[in-house]
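Enquirer: What TrEMBL lists as domain 'FtsX extracellular' is B:56-160. The domain 'ABC3 transporter permease C-terminal' annotation in TrEMBL covers B:183-299. Annotation comment: TrEMBL describes B:21-41, B:179-200, B:221-254, B:274-297 as transmembrane segment.
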C-alpha cells in the first residue's frame, strides 16, 4: 500500500493555470443531450458547477447518464441544448482543432485501464508525452517522478501484463496525471478491483486531488463513496436528482 | 514532432499489414505504369503525326483517256490543258494552299516503280494507266475539305484524295489502343484506391488502442493521422518506383532493342520524353495514396 501522505509536495511543479482560484472548472447550464435517433434524452436539463480543487462522486445506476456526462466533459459528444464549460471554455464554441489542447489539461482514467500491452510501464506513461510532442529530456525526467508519485517507483521496465490490476490502474493514473492536468476524470476506476486495492487507488486519487487537481469520479462503489464523504451528485434517468456536499451513495432518499 | 516515434509507428504499421501493403504496391505500380505508358504513347503519336502530316499532300487526280467510264466528270475522256490550267490558277488564289506540284503520268510511273519495284504487279502497269495529278500542299493539313468541295466535281477531275486518309487509320488504331490503356489504368487506379482505403481501415482498426489513447491525452489529429497517411504514401511511392522501372524497362527493351530495329522509318520517342513522365508518375504515386488515406481516415478514425 502507498505510504505517501504529503499531498502538497507536487504543487510546486504544477504548470501555471489558466483558471483563477475559485473559478469553476466545470459548469453545466441547462444541459440536455439526446443521441441521434433516440427519443429519450440521456441527460435532461442538468445545471451544476464544480469548482477548482473539488472531489466529486458521480453516482447513479447504469443508464442514468453518467457516461454521457463524462463524454460531454471530454467533448466526445456535444450537448444538444445548454452550455458546457470546462476549464473556462465553452465546449460548443471550441473548434475541432482546439479540442486536443483542451484534452491535454484533462486527465482520464477508465475501469479497463487502457494500457498498451506491448509497451513497458515507463513507455506507457511516456507515450502520453511523446504524442503531444514533449521534448525527450523532459519526458525522461517527468516519467520516473510521476511513477514514484503513484507508488510504482522502480517498476518502469515491467510490462503491464506482469502487474496486478491495482498496479495497472496506478500506471493509468500516472499517465493521466503526467501532464499535471487541471481536471482528472475517472470512470469507475475501481470497478475491476477488489475492495482493499480500491482503497489504495482512492488514497492516490485523494492525494492527487490535494495537489489542486479537480477530480470527477463516476462510480458504483457504495463503500468508497460512504467512506470518503465528498461531494456526491446523483443522476437518475438523465436528471440530476441529488447534489450533496459530504454525501453518501445511498438510494435511500 | 518526433520523427523517430513517427517512423517506428509507420514501420510497425507496414509490417503488420504486409500482404495488404504488397497488394497496394503492385496495384499502384501497374496503374501508374499504364498511366506512364499511355502518356508516352500519346507523345509518340503526336510526334508521328507531326512527321507524317508534314509529308502528306492533297492530290487532285485528272482523268485519263481510259477513264471515260469511271465517273461523270470524266465522260469526255482525258482532262484538257484548259481545265488543268483553270484549276492550277484557282489553287494559287486559295490562301490555304502552300504550294502545288505537278506530277505527270511519267513521274507517277517512276514513283510507282520506286515504291513497288520488283513486285509482279509493277510489270503490268504502264505510264498511261497512271493519272496525272496536282500535289497540293496545305498550310493546315486539316483543311482538306475545302479543296475537296471546290474541285472534286469539276470536269476532268477524277478524284481528290487526301493522303492523310492513308495514315489516319494507323493513328486511329494507336489512339484506340491509348484509350484502351487509359481505361485499364482507370480500373487499376480504382482498385488501388480501394485497396488503400481498406488498408488504412485495417491499419486504423488494429491500432485503435493507440489512437484512442492518443486522442485522450490530447494528441493533435495531425499527429494521430500522420503515421497512417505516411504509410499509404510510402507504399504508393514504392509502387510508383516500380512503375518507373517498368516504364524505363519497357522503353529500353520494347522500343530501343526491338521496334526501333525493325521499323526504321518511324522516329521513336527518346529518353527525354521518358524523363518528363517519370517525375509525374512519382508525384502521383506519392500524393494519390496520401489523399486516399486522408479521406479514409475521416471515416474510420474518429479524432
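Including glycine, each Cβ sits where the backbone N, Cα and C put it.
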Enquirer: Which residues, given as numbers and ranges, are at least 6 beyond the ends of the transmembrane segment (B:274-297) yet have a Cβ under 8 Å from it?
Expert: 24, 28, 32, 35-36, 39-40, 189, 192-193, 196-197, 200-201, 204, 225, 228-233, 235-237, 239-241, 243-244, 247-248, 251
Enquirer: Could you tell me the mean pLDDT over the domain 'FtsX extracellular' (B:56-160), as a whole number?
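Expert: Over the domain 'FtsX extracellular' (B:56-160), the predicted model scores a mean pLDDT of 78.
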Enquirer: Same chain, outside the transmembrane segment (B:221-254) by at least 6, Cβ under 8 Å from its Cβ: which residues?
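Expert: Result: 1, 6, 9-10, 13-14, 21, 24-33, 35-37, 40, 192, 196, 199-200, 203-204, 211, 214-215, 269, 271, 274, 277-278, 281-282, 284-290, 292-294, 297, 301, 303.
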